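Visitor: This is the structure I have questions about; it appears just below.
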Amino acid sequence: MAQAHVTKHVFVTGGVASSLGKGLTASSLGRLLKARGLRVTMQKLDPYLNVDPGTMNPFQHGEVFVTNDGAETDLDIGHYERFLDVDLDGSANVTTGQVYSAVIARERRGGYLGETVQVVPHITDEIKGRIRRLATDSVDVVITEVGGTVGDIESLPYLEAIRQVRHEVGRDNALTVHVSLVPYLAPSGELKTKPTQHSVAALRSIGLQPDAVVCRSDRPLPDALKRKIAMMCDVDDEAVVGAPDAGSIYDIPKVLHKEGLDAYVVRRLGLSFRDVDWTEWDTLLRRVHHPSNTATVAIVGKYVDLPDAYLSVTEALRAGAFAVDARADIRWIGSDEFTSPAAAAHALEGVDGIIVPGGFGIRGIEGKIEVLRHAREHGIPTLGICLGLQCMVIEAGRSLAGLAGSNSTEFDPETAHPVISTMADQHDVVAGKRDMGGTMRLGLYPCALGAGTVARREYGEPEVLERHRHRYEVNNSYRERLTAAGLVFSGTSPDGRLVEVVELPADVHPFYVGTQAHPEFRSRPTRAHPLFRGLAAAAVAHADRRRGRLPVDIPDGGVGGGGVAGGGPADGDMIGSGDGDGDAAGARAGNGARSAGGRARRGRAEQSVATGAGTTAGTTAGASGAAGTGGAVGTGGAVGAALPGGSTGPAAAAGVSDGELVSP
């Protein structure tokens, strides 16, 4: 009789500080297990009370990552998809808001038959059910990341739930990996293990004994310290894994493999496996660290003080660049910093490509429109995403079609020329008659591409599927006039009613494309998205012309990928991408304003610094990373010594004060 399939569980927790890189550690472990021939899925448990991050301020949460089924999820889900090269769904992200909503709804229906509803067992049972539902016959390993830091009140129900799952499935079928900080104290010249010991003690006090400890630090961990941690935390010597700062996030799987984490996991769980196949990943890393070309690409948005707000955009851009054997040096430009043509021209000096990403609200709109006008007139390759497409249409209406005052009803409900209007099924939401959360046009939708267009050339297919997140659309009553003015509507919904892609013809502009979708969500480091690859190729050609070089041959395919902003190992990107919200020096003022240094949440800003526990000085847009600054570990609780070079970081004192939500 065949033995029943048993799915194994790996739980990833974090201690000492936020922004250590639990998400990237979990993603890298998942990548290693998949490369060993195992079927892996991943999940993030977020302890906040929001049902999802869809209505959260991007300065607090970072980007909202949208899955195929339209779920608005944590940005770590994007890491999971990119590293595993899989499409996840809404079940990959569980929040306390979802859990409590489900339990209370069941209680209202009489589902508990008069019981007193409590955190234990009812809340923990709901959490366990959401974890166990992923353990299907088609999955060998479920990796579940627990958000927050051990010791946080909000995380306690999740830690209790995974303790119970571990008991129910058996110790041979579950493993806990604890990611902790081992800070370096410069005055004594020592790496200190005591914070990790205390963190593990806190975990053990609630009934969870970690099986492996991943030690985050700014430098390699000596073997003697590993043995000490193993002894004091009661784990196997080979289960103490050093994870020093890496030049690129895509180096992390190699770091963990060298330390033996994946080998320990498969042995400990009794999994059948093969050796790691590095073929695809090694090609990626070659392009990450040794690209043949460079181009400067500006990302123009209103949330540039927190690059995590555009995390998938930056990773997709890097993937596109490495797909054409290049490095994208990212220049962050705040769209609310200027509105005049002269200011736009100055900000874009030396730029080879432009991305205008999505967003909501009127702040910074005129700056985006000026940037697009300059890009259109001067032949700078440009990609508009979601709101970026809408701004392209507004600019074309004003400058090409003679529709003075063209605007979106989102910004000016009384505009004389609403070239962008509210979608028919969104009027009641905008009017406040229906919930804001989860009501946009979300998820995967088809798009038909016109023959002979730039979009069709880049995609190479007549119809594509892309993920969406929007309430507004191109007003069809203006399509004829805009077409006559030279704007091409190159992609629509299959029925032709909804504009999906706009562009300028290839003989008019080298690359000027806007998409209503969010193509960044479907990009992979080993499989660049066609639009980002097309932008990168056009930007490289522009850079060559600007430098007076002959054009280079761009490969037709190959592994795309991302290094870090500025590319390669010299950009100071870090392993950290956790889920904490440590404030940077001079953290957010009460009204949402951000002082010099900004907010280095999740340790992902390209110019992030801090070594060890922040005792080594560094700079994040001018803010010191010294211990105690802003009450954070280093800057924003991040770990990772800044390296020379890299991209141009956001302005030091951006002064964001409107605190707008991520949805209108």
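Don't overthink the numbers, they just go from 1 along the chain as shown.
Yeah, the Cβs are placed from backbone N, Cα and C, and that goes for glycine too.
The following feature annotations were taken from TrEMBL:
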type     : residues                                                        : note
REGION   : 1-271                                                           : region 'Amidoligase domain'
DOMAIN   : 8-271                                                           : domain 'CTP synthase N-terminal'
BINDING  : S18, K192, T193, K194, P195, T196, Q197, K228                   : UTP binding site
BINDING  : S18, D152, I153, E154, K192, T193, K194, P195, T196, Q197, K228 : CTP binding site
BINDING  : S19, L20, G21, K22, G23, L24, D76, A246                         : ATP binding site
BINDING  : D76, E145                                                       : Mg(2+) binding site
DOMAIN   : 306-535                                                         : domain 'Glutamine amidotransferase'
BINDING  : G359, L387, G388, L389, Q390, E410, R471                        : L-glutamine binding site
ACT_SITE : C386                                                            : active site, nucleophile
ACT_SITE : H518                                                            : active site
ACT_SITE : E520                                                            : active site
REGION   : 548-664                                                         : region 'Disordered'
COMPBIAS : 557-579                                                         : compositional bias 'Gly residues'
COMPBIAS : 625-639                                                         : compositional bias 'Gly residues'
Visitor: Other Cβ atoms within 10 Å is the metric here; tell me which of the binding-site residues K22, K192, K194, K228 scores highest.
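Guide: That would be K22, with the highest Cβ count within 10 Å.
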Visitor: Quick one: of the recorded positions K194, T196, C386, H518, which has its CA closest to the CA of S19 (ATP binding site)?
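Guide: Out of the listed candidates, the nearest Cα belongs to T196.
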Visitor: The record lists S18, D152, I153, E154, K192, T193, K194, P195, T196, Q197, K228 as binding CTP. What's the largest Cα to Cα distance among them, in Å, rounded to a whole number?
Guide: 31
Visitor: Taking the Cβ of G388 (L-glutamine binding site) as the centre, how many other Cβ atoms fall within a 10 Å radius?
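Guide: The Cβ of G388 (L-glutamine binding site) has 26 Cβ neighbours within 10 Å.
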Visitor: If you compare CA-to-CA distances from C386 (active site, nucleophile) to each of the recorded positions G21, H518, E520, which comes out shortest?
Guide: H518
Visitor: Long-range same-chain neighbours of L389 (L-glutamine binding site), Cβ under 8 Å, sequence gap at least 6?
Guide: V474, V501, V502, G514, T515, Q516
Visitor: Enumerate same-chain residues with a sequence separation of six or more from E520 (active site) and a Cβ-Cβ distance below 8 A; give 'none' if the list is empty.
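Guide: Same-chain residues close to E520 (active site) (Cβ under 8 Å, separated by 6 or more) are S312, V313, E315, A316, P357, I385, H529, F532.
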Visitor: Quick check for the class: what is the C-alpha distance, in angstrom and rounded, between G23 (ATP binding site) and L387 (L-glutamine binding site)?
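Guide: The Cα atom of G23 (ATP binding site) is 28 Å away from the Cα atom of L387 (L-glutamine binding site).
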Visitor: Can you give me the Cα-Cα distance between G388 (L-glutamine binding site) and E145 (Mg(2+) binding site) in Å, rounded to a whole number?
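Guide: A Cα-Cα distance of 33 Å.
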Visitor: Taking the mean position of the Cβ atoms of G359, L387, G388, L389, Q390, E410, R471 as the L-glutamine site, which residues outside that list, in the same chain, have a Cβ no more than 8 Å away, listed in sequence order?
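Guide: Leaving out the recorded residues gives G358, F360, C386, C391, S408, I420, H470, Y472.
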Visitor: Of the binding-site residues listed here (G21, E145, I153, L387), which is spatially closest to K192 (UTP binding site) when Cα positions are compared?
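Guide: Minimum Cα distance from K192 (UTP binding site) across G21, E145, I153, L387 lands on G21.
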Visitor: Ten-angstrom check, please: count other Cβ atoms within 10 Å of the Cβ of I153 (CTP binding site), all chains counted.
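Guide: A count of 8.
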Visitor: Can you tell me how many other Cβ atoms are located within 10 Å of the Cβ belonging to G359 (L-glutamine binding site)?
Guide: 24
Visitor: What does the structure give for the C-alpha distance between P195 (UTP binding site) and L24 (ATP binding site)? Integer Å is fine.
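Guide: Cα of P195 (UTP binding site) to Cα of L24 (ATP binding site) measures 21 Å after rounding.
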Visitor: Spatially, and counting Cα to Cα, which of the binding-site residues is closest to T193 (UTP binding site)? Options: L20, D76, I153, A246, Q390.
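Guide: In terms of Cα distance, T193 (UTP binding site) lies closest to L20.
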